[in-house]
Amino acid sequence: MPTHRKSYHPYISPFDPCPPIKTKTYETPAQLYLGFQPKGLDQYQPSEALKKGTLWPALYSPYTSPYEKNKRE
Amino acid sequence: MWYYEKKLQYPVKVSTCNPKLAKFLIEQYGGADGELAAALRYLNQRYTIPDKVIGLLNDIGTEEFAHLEMIATMVYKLTKDATPEQLKEAGLGAHYANHDKALYYENAAGAPWTATYIQAKGDPIADLYEDIAAEEKARATYQWIINMSDDPFINDSLTFLREREIIHSQRFREAVEILKEEQGKKRIF
């Protein structure tokens, strides 16, 4: 499974006015990787699918704030 | 900063005084998917995009200004010797009333350029997808203008500009692939 969040280290100038955020993140959700959805993918139970917004784990992209560490599933 | 070279990226020649064609070309000057919108969109988005693709936005944004200058040259040449009467016949009466023969950032229907044409979402994938869409829309606009134009010299320049849209779209698509790459994974070409 591809990761849903990537990170990079932006250039930090010695003259930056604020304390630098050394690592920045961006989202790369599941649909970027799937291509044309293949038949017969694994499915969630209906009750869980209703809650998650999709039938397929392959298309589920969790999101939590990157500013709150360790809360991600 | 920029260095300026006092020449066009590709030659612009015009066969006949044709203010009607100028009215259509203005779409690529100050329209939603025109060269001004493109240049400002990319050069603005580059600040908040991962380092690996900043240079691409910088270079393409710069090239868009070279394209803007080509469109400006075409519009200028097509209108500079037209009489007010000819401009009126070409549907440029309202333009003439407001601007004489000056160029203005507006679309083919005369609506002034607005920053709402461009977006900077801060999400690198969303921004690059907008950029790809903008290139495809600009390519389509060039096609429709070529379809209406019977000036072989203008069409030669427009064909060059259309091809550049295709290349830019390809580069933005490659940028998405770079951002999708898993970290710490070897790249295979």
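The backbone N, Cα and C atoms fix where each Cβ goes, and this holds for glycine too.
Unlike curated entries, TrEMBL annotations are predicted automatically.
Since the structure is predicted, the reported quantities are computational estimates derived from the model, not experimental observations.
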Binding-site annotation, TrEMBL, Mn(2+): partner of B:E35, B:E64, B:H67, B:E135 in B:H99, B:H168: B:H168
Distant-in-sequence Cβ neighbours of B:E64 (Mn(2+) binding site), under 8 Å, six or more positions away: B:E35, B:L36, B:A38, B:A39, B:Y42
B:E35 (Mn(2+) binding site) CB neighbourhood, other CB atoms within 10 A: 23
Per-residue Cβ crowding (10 Å cut-off), top of binding-site residues B:D59, B:E135: B:E135
Environment of B:E35, B:E64, B:H67, B:E135, B:H168, the listed Mn(2+) site - residues of the same chain whose CB lies within 8 A of the CB centroid: B:A38, B:A39, B:I60, B:E63, B:A138, B:L161, B:R164, B:E165
Neighbour tally for B:H168 (Mn(2+) binding site), based on other Cβ positions within 10 Å of its Cβ: 25
B:D59 (Ca(2+) binding site) and B:H168 (Mn(2+) binding site), distance between Cα atoms, whole Å: 10
